[in-house]
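Visitor: Pasting the feature list from TrEMBL:
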DOMAIN    81-304  domain 'Anoctamin dimerisation'
DOMAIN    307-889  domain 'Anoctamin transmembrane'
TRANSMEM  318-345  transmembrane segment
TRANSMEM  396-416  transmembrane segment
TRANSMEM  479-506  transmembrane segment
TRANSMEM  526-547  transmembrane segment
TRANSMEM  574-592  transmembrane segment
TRANSMEM  690-713  transmembrane segment
TRANSMEM  741-765  transmembrane segment
TRANSMEM  844-871  transmembrane segment
Amino acid sequence: MPMMTRDVLLEMELEEDDEDGDIGNVPASKRPLMAPPTLPSSLVLENLEQTIVSGFGSLESQQDFRTPEFEEFNGKPDSLYFNDGQRRIDFVLVYEDESRKETNKKGSNEKQRRKRQAYESNLICDGLQLEATRSLVDDKLVFVKVHAPWEVLCTYAEIMHIKLPLKPNDLKTRSSAFDNFSWFTKVLQVDESIIKPEQEFFTAPFEKNRMNDFYIQDRDTFFNPATRSRIVYFILSRIMYQVRDNVKKFGINKLVSSGIYKAAFPLHDCNFSSPSEDLSCPNERYLLYREWAHPRSIYKKQPLDLIRKYYGEKIGIYFAWLGYYTQMLLLAAIVGVACFLYGYFTQNNCTWSKEVCDPDIGGQIIMCPQCDKECPFWSLNVTCESSKKLCIFDSFGTLVFAVFMGVWVTLFLEFWKRRQAELEYEWDTVELQQEEQARPEYEAQCTHVVINEITQEEERVPFTTWGKCIRVTLCASAVFFWILLIIASVIGIIVYRLSVFVIFSVNLRKISNGTDPIQKYVTPQMATSITASLISFIIIMILNTIYEKVAIMITNFELPRTQTDYENSLTMKMFLFQFVNYYSSCFYIAFFKGKFVGYPGDPVYWLGKYRNEECDPGGCLLELTTQLIIIMGGKAIWNNIQEVLLPWVMNVFGRCHTASGAEKITPRWEQDYHLQPMGKLGLFYEYLEMIIQFGFVTLFVASFPLAPLLALVNNILEIRVDAWKLTTQYRRMVPEKAQDIGAWQPIMQGIAILAVVTNAMIIAFTSDMIPRLVYYWSFSIPPYGDHPNYTMEGYINISLSIFNTADFKSRVKENPYAESKYDTCRYRDFRYPPGHQQEYKHNIYYWHVIAAKLAFIIVMEHIIYSVKFFISYAIPDVSRRTKSKIKREKYLTQKLLHENHLKDMTKNIGVIAEKMIGAVVDNNLRPKSD
């Protein structure tokens, strides 16, 4: 008799084309037995005993397939139950009936049908109940509704260590820093008569043998819909459906990706635009749309508890973080606008800008050509408009704002940790890491046996230490290669800048002869900067799209153990790439452009061919601001197009495609099927978008004080747009647990530390604030200056060095400007004039400025870091109140379980004692026989 297996598995012939991927394919002899098939419930095991069939042989010999019953739609579009009205639909699987497909691939269709039948049979064997209904709009589609009965839910709740209610929590005392302003915040709160506060419970990991300890008033509501869907998805992800060449294949994800199923999703509870006609329906989707996603609720706080209840803790913690980040941005935006207004209203007092615009000063200063042959001499006052704009951003307010943002980011991170700890307690995720299960893809590859250092027992791992080192090395090499590719693209942009600047320098000045508006507003530097920024943005988006797929492939190859480990690994790879991709051009403009240019008689050439770029006479700060505006604005517009228009257009197209059956009343599962799938990494991209924005707001804020305001406006819309997407355009996601925001927290902390350095260096090296301060306090008065009082008059003259045009030389050792009518010209640097014994060497003013810049960086960094570390030390990550709540809940939970256990033991001992006493009495009363 052949060896029997517990599951219905298909032994299929070797095929050249395999619809499934290789992930999770492991020889059956090496593959570890996973938890779900070995259900501890004796009842389920007894049922499974009756459905054992051979794992070998042809399909025809397997007559014990258990298939779902087909039922007609009962005409209730809002129903969330099977046709009997008793069994709740916990999940829906959708497939296309092979017998009605238009394509005539009989062999392929038959293979898909056999896999699906084996999979559904094993679902039934594992205790799930299935009911199939054909689509009313497209008769090729079949919807398989999945219901998990009470016994299965209890079994898997114990396997997954799900925490469930023990008794109502009488310690719930929520506090807020805004309690003293309740009269004001009441307007912002969600109406509790519409969305009622959730009842809090003491919880503990579920155990079937302690079922009486749990707060079970109604079996139908003890497991809420989100928990039911999570349990069913856990089962669906681990059920086998095929064995081929002694290799087992399993999981709904592979079946969907290979096309055997079209979709798999839990149901929304009702329509978003109107409540359900079913009186038992809680209408949570409708309430979320009305009080959260609708534009009229844009000023209200988010109903986080309802979001968490409906979508799970992972979605809830994202919106909690995004909402808290947006609230903190309000303070940063107010200070940023104040600093911007300070610069705007004081720009008319900017002495150095007046000198640039003055025809008798800036108009008489002739600047040296900025390239070797084609570029002409030019007058300094052509940069008048850009110098006025620069006065707005390069002011004392910018310095104050940079220091403020260094403190603000620390306050934000520390207070978020406290808020996160409160959510962990309120949402019962304090000990989540003990609950998290290994990913099925990881479990499938566990073929190597090792000894656990702690338990000293054998356990299976997917690869040896040497194999892990090889994987890590290959993954790191792939990431490093793509980073080099980004650097290569940045080099390409620099080459574009150097090449195009010559063209703009010649052509714009030819066009601008006699045309003041063009000459005033479109300088060669500005034209080069804007076009280069646009091209850089396009390259960024293209590389971003390609690398997303590459990063997922690398992470899949790395094979992290849990879903949290998987997302953290992918997060680090994606952010490292995005950091270089988005910020490299900004770092180039801020810290490299115009810093290594030499002087007109001896310029520095890049790659031995291209003459290095120079900044405007006022510095590169305005160009950095332009770069930030283009990238931040372009990214926000592009993301909104992707997030709003794309799913909306896809859904409209889907409805038009099925318009022939639109007049029919369609059930809930069919309505949800025509929505867009969110994808397992959908939330990852939302985080990534916000963290990239966080980097722009903090890293380069010294050049653009309005960045927090733009981020604030974007985030207010982002929250409602994301809410609108989830409630109206996307299928309901499988609820997932999450304790915190994962790897994004240390990434933000790293950005916060780096932001102090970048902003200090922007003020020191990119702006002209330090040279102006040195001139004002040291070189405007004797012994270096001629003014009797401290003043900024004459700064332009001292900041521009003199060059003798007779000293020009080009790459061909000839003077291209030998016949020029100008004997001298000026250039941006601090060097001795021609004729000096150290001509063209850096002068004493240069060394004063360098010393002042270095001193400023050291002082600013030490002050801000000291304040940051003091704040981090003074503000604990978990408040004392939250710690007390966690300890007291743990104490009362243990006490409750212990007391209940003692009661059970006392009761059992009493029963045993009564039986023993009864037996003794019977023996005493029984007459003795002689």
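Every residue gets a Cβ built from N, Cα and C, even glycine.
Note: TrEMBL annotation is automatic and uncurated.
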Visitor: Find the member of 318-345, 479-506, 526-547, 574-592, 844-871 that has more C-beta pairs under 8 Å to the transmembrane segment (690-713) than any other listed stretch.
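Guide: Result: 318-345.
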Visitor: Would you call the transmembrane segment (479-506) and the transmembrane segment (574-592) in contact, using three or more Cβ pairs under 8 Å, pairs 6 or more apart in sequence?
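Guide: As far as Cβ distances go (cut-off 8 Å, pairs 6 or more apart), the transmembrane segment (479-506) and the transmembrane segment (574-592) touch.
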Visitor: How about the transmembrane segment (526-547) with the transmembrane segment (574-592) - do they touch, taking at least 3 C-beta pairs under 8 Å (6 or more apart in sequence) as contact?
Guide: yes
Visitor: Count, for each of 318-345, 574-592, 844-871, the Cβ pairs lying under 8 Å from the transmembrane segment (396-416), and report the range with the highest count.
Guide: 318-345
Visitor: For the transmembrane segment (318-345), what are the same-chain contacts with Cβ under 8 Å, counting residues 6+ beyond its ends?
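Guide: Same-chain residues near the transmembrane segment (318-345) but 6 or more away: 301-302, 304, 307, 391-398, 400-401, 404-405, 408, 411-412, 415-416, 419-420, 423, 683, 686-687, 690, 694, 697, 701, 705-709, 711-712, 715-716, 718-719, 722-723, 741.
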